[in-house]
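Enquirer: Among the features that Swiss-Prot reports, FAD binding site is placed at Gly19, Gly20, Gly21, His22, Ala23, Gly24. The annotation NAD(+) binding site is assigned in Swiss-Prot to 281-295 on the grounds of sequence analysis.
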Amino acid sequence: MNFFTRPDDDYRFEVIVVGGGHAGIEAAFASARMGFKTLLITGNPDNIGWASCNPAIGGSAKGIVVREIDALGGEMAKTTDETMINVRMLNTSKGPAVQALRAQIDKYSYSRTMKRKLEEQENLLIRYGIVEEILVENGKVKGVVDSFGIDYMAKAVILTTGTFLRGKIFIGRETMEAGRMGDFSARGLTNSLIKLGFTVGRFKTGTPARVLKKSIDFSKMVRQDTDDKPWAFSHFNEPKVLEKDYPCWLTHTTPESHKIIRDYLIFSPLYGEVKLIQAKGPRYCPSIEDKVVKFERESHQIFVEPEGKDTQEYYLNGLSTSLPYAAQIKMLRTIPGLENVKIVRPAYAVEYDYIDPTQLYPTLESKIIENLYFAGQINGTSGYEEAAAQGLIAGINAGLKLRGEKPIVLKRSESYIGVMIDDLVTKGVDEPYRLLSSRAEYRLLLRHDNAHLRLAKYGYQVGLIPRWFYDKIINLENNIKYHIERLENVKVPASSSVNELLQSLGTTPLTEGTRLAKLLRRPEVSYNALKHLDPEPISDTDVIEQIEIQLKYEGYINSMLEQVQIFEEYENLPIVNVIFSEVPNLSTEAREKLEKIKPLSIGQASRIPGVTPADILALLTYIKKK
């Protein structure tokens with residue numbers, strides 16, 4: 001009798017996902033829902049889907065990504081809708097290209113809900129473990145080994161390790177080996193990746209203190225309630241209006257706050273005499289030390305946000321710091337409303353390892369080890385939404401590869417997810433990457449309102465979107481097209497009643513008859529205001545929304561679609577079996593970069609830093625001659 005044998009179903013899987021954060025959740029759901037026996041192995045099953053930093057989902061560009069995840073069949077949007085306690089549409093004074101939802105979530109409920117859904121998911125098992133080694137045979141992944149020496153076999157492995165690879169926490173000059181306060185640090189896995197040939201770097205992030213609600217004087221702050229309008233992140237859920245029980249609050253730092261920060265900089269692991277933190281932090285989420293040192297301002301905004309319904313802890317958005325605890329409490333008590341504040345958990349910075357994402361294909365599969373995928377902060381990104389999107393794509397593509405089917409690679413012109421992944425694998429990262437609307441050159445096409453129209457076909461294609469929902473999208477598209485064509489032919493007379501209405505809306509009266517579609521192109525005019533002029537009134541609010549946007553922004557949208565068409569002629573020109581050292585007239589830098597990145601198309605090659613238009617011309621000439 002062999003005492004150490006185990007049943008096959010205990011250690012043999014088709015897909016293993018390492019890490020139970022936002023990337024790991026989506027990867028595991030995608031794999032299991034596509035029918036593959038999946039293991040989610042995580043260092044703390046009680047912290048699955050934990051909001052390690054701000055208790056919020058969405059935001060500028062990020063909110064659109066959550067909608068895209070939902071359209072592809074992911075879970076983040078649905079769980080956000082179930083657990084949000086305050087939600088607002090951002091940038092409502094601007095055009096639809098930059099509008100996005102942001103929700104405060106009950107972080108405890110969010111984590112519990114995600115864990116329950118994962119536990120209930122068919123084909124999926126959650127298990128405790130800290131992975132120390134990747135098992136490889138003949139250049140192909142075959143499994144992992146955990147810190148107990150237990151091995152697990154699989155045909156594909158997805159690494160979603162967050163900030164835990166050699167994670168190290170800093171509070172002043174005090175340090176602790178952990179990827180998150182009160183959690184562990186995974187030390188062996190980085191060494192395994194380095195041995196396999198991966199280039200590894202180090203980044204830094206941070207989080208603010210959590211403070212006690214009853215020690216806050218909200219009377220000195222500005223209240224921010226949830227929107228009065230109903231909202232939902234998920235296309236599967238009915239929009240709802242939330243109760244105004246959990247407002248956020250706005251306050252600010254003071255000159256006295258800044259003086260304390262400057263006085264304590266000598267003890268800062270970032271700016272002190274001994275610079276303990278060498279890694280680069282996120283440009284778009286700087287610590288309060290960075291703000292005070294780099295920006296000459298009297299004050300900086302602070303958003304005071306509830307962490308959940310059943311907790312007294314509040315999150316201080318905008319006050320990330322790694323200053324010593326004494327500096328933290330003194331500085332906080334100089335802020336209006338926080339004069340008597342009590343800290344529940346101190347702020348801290350954390351350093352962690354990431355891999356160079358140019359070592360990945362656009363599918364998020366490694367170029368070095370076959371069937372090994374990476375998603376989330378291990379790829380150099382920051383943010384729950386960015387991580388979840390990568391996890392979903394990695395999970396889908398791992399499943400498609402095991403099926404022997406073509407992978408999904410989303411274009412820059414059809415999704416923010418496509419923009420992000422293309423940026424990562426083509427340009428790489430020298431600081432934590434955050435999605436911004438400015439990164440998307442076709443952002444007017446990538447709106448909050450049309451994510452399902454853009455991406456549901458892919459979700460349905462891989463089996464993550466049900467047939468009834470896909471049929472609903474097809475029907476919606478047909479209705480939009482039908483009604484726009486119809487409205488182009490609905491005549492509106494230049495009558496006194498019509499002109500009185502137009503003047504009341506603040507727009508020019510008619511001198512002659514026109515078409516209803518032409519009137520709807522005016523920025524001041526809504527369909528509902530002119531609905532009585534339509535012989536076939538539209539009641540579907542989704543159809544009305546799309547008609548108004550498509551008509552009002554028709555010129556811009558058509559111009560952008562023309563740009564996309566020109567761009568995609570090159571984007572779709574594949575680079576197959578090209579030995580770049582044999583391409584004449586390439587610059588030395590371009591040759592080195594092309595050899596490293598191994599772009600799959602001329603479009604991808606053109607976006608590699610250091611590759612010039614002359615290099616692209618040389619490459620095009622060579623490919624055409626072949």
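Glycine is treated like the rest: Cβ placed from N, Cα and C.
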Enquirer: Can you give me the same-chain residues 6 or more apart in sequence from His22 (FAD binding site) with a CB-CB distance under 8 Å?
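Expert: Set apart from His22 (FAD binding site) by at least 6 residues yet with Cβ under 8 Å, we have Gly49, Met76, Gly376, Tyr384, Glu385, Ala387, Ala388, Gly391.
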Enquirer: Do you know offhand how many angstrom separate Gly19 (FAD binding site) and Ser287 (NAD(+) binding site) by C-alpha?
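Expert: On Cα coordinates alone, these residues lie 26 Å apart.
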Enquirer: Fill in the CA-CA distance, Glu289 (NAD(+) binding site) to Gly24 (FAD binding site), as an integer in Å.
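Expert: Rounded to the nearest whole number, the Cα-Cα distance is 32 Å.
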Enquirer: Using Cβ-Cβ distances, find the residues under 8 Å from Val293 (NAD(+) binding site) that belong to the same chain and are at least 6 apart in sequence, listing them in sequence order.
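Expert: Same-chain residues close to Val293 (NAD(+) binding site) (Cβ under 8 Å, separated by 6 or more) are Leu265, Tyr271.
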Enquirer: Within 10 Å of the Cβ of Glu289 (NAD(+) binding site), how many other Cβ atoms can you find? Include all protein chains, please.
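Expert: The answer is 23.
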Enquirer: Within a 10 Å radius of its Cβ, which of these binding-site residues (Gly20, Gly21, Gly24, Gly281) has the fewest neighbouring Cβ atoms?
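Expert: It is Gly281 that, of the binding-site residues Gly20, Gly21, Gly24, Gly281, has the fewest other Cβ atoms within 10 Å.
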Enquirer: Can you count the other CB atoms that lie within 10 A of the CB of Phe295 (NAD(+) binding site)?
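Expert: If we count other Cβ atoms within 10 Å of Phe295 (NAD(+) binding site), we arrive at 9.
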Enquirer: Taking the center of the Cβ atoms of Gly19, Gly20, Gly21, His22, Ala23, Gly24 at the recorded FAD site, which other residues in this chain have a Cβ no more than 8 Å from that point?
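Expert: So the extra residues in range turn out to be Val17, Ile25, Glu26, Ala27, Thr42, Ile48, Gly49, Thr160, Gly162, Gly376, Ala387, Gly391.
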Enquirer: Mind checking which of Arg283, Cys285, Ser287, Lys291 has the fewest other CB atoms within 10 A of its CB? They're the binding-site residues.
Expert: Arg283
Enquirer: So for Gly19 (FAD binding site), how many other CB atoms are inside 10 Å of its CB?
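Expert: That number is 31.
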Enquirer: Between Gly24 (FAD binding site) and Gly281 (NAD(+) binding site), find the distance joining the two CA atoms and give it rounded to the nearest Å.
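Expert: So the alpha carbons of Gly24 (FAD binding site) and Gly281 (NAD(+) binding site) sit roughly 23 Å from each other.
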